[in-house]
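Beneath this line is the structure, given in structure tokens, with notes to follow.
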Amino acid sequence: NLIQLSNMIKCAIPGSRPLLHYTDYGCYCGKGGSGTPVDELDRCCK
């Protein structure tokens, strides 16, 4: 889910703010989701 993804990114990139940057990323990172994922990151949010 998005919270887990956020925590992984924060661990890998300290000081980052992933929820601000990835909330509406691609087709699945954010609220809802449909269609074909645009890349591996979007696929992870699925």
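Glycine is no exception: its Cβ is also placed from the backbone N, Cα and C atoms.
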- Query: Swiss-Prot annotation: C29 disulfide-bonded to which of C11, C45?
  - Reply: C45
- disulfide-bonded residues listed as C29, C45, least Cβ neighbours within 10 Å: C45
- Taking the Cβ of G32 (Ca(2+) binding site) as the reference point, list residues of the same chain whose Cβ is under 8 angstroms away and which are at least six residues distant in sequence. none
- Using an 8 Å cut-off from the Cβ centroid of Y28, G30, G32, can you name the remaining same-chain residues around the Ca(2+) site, in sequence order? D24, G26, C27, C29, K31, G33, S34, C45
- Item | C-alpha spacing of C45 (disulfide bond) relative to Y28 (Ca(2+) binding site), in angstrom | 6
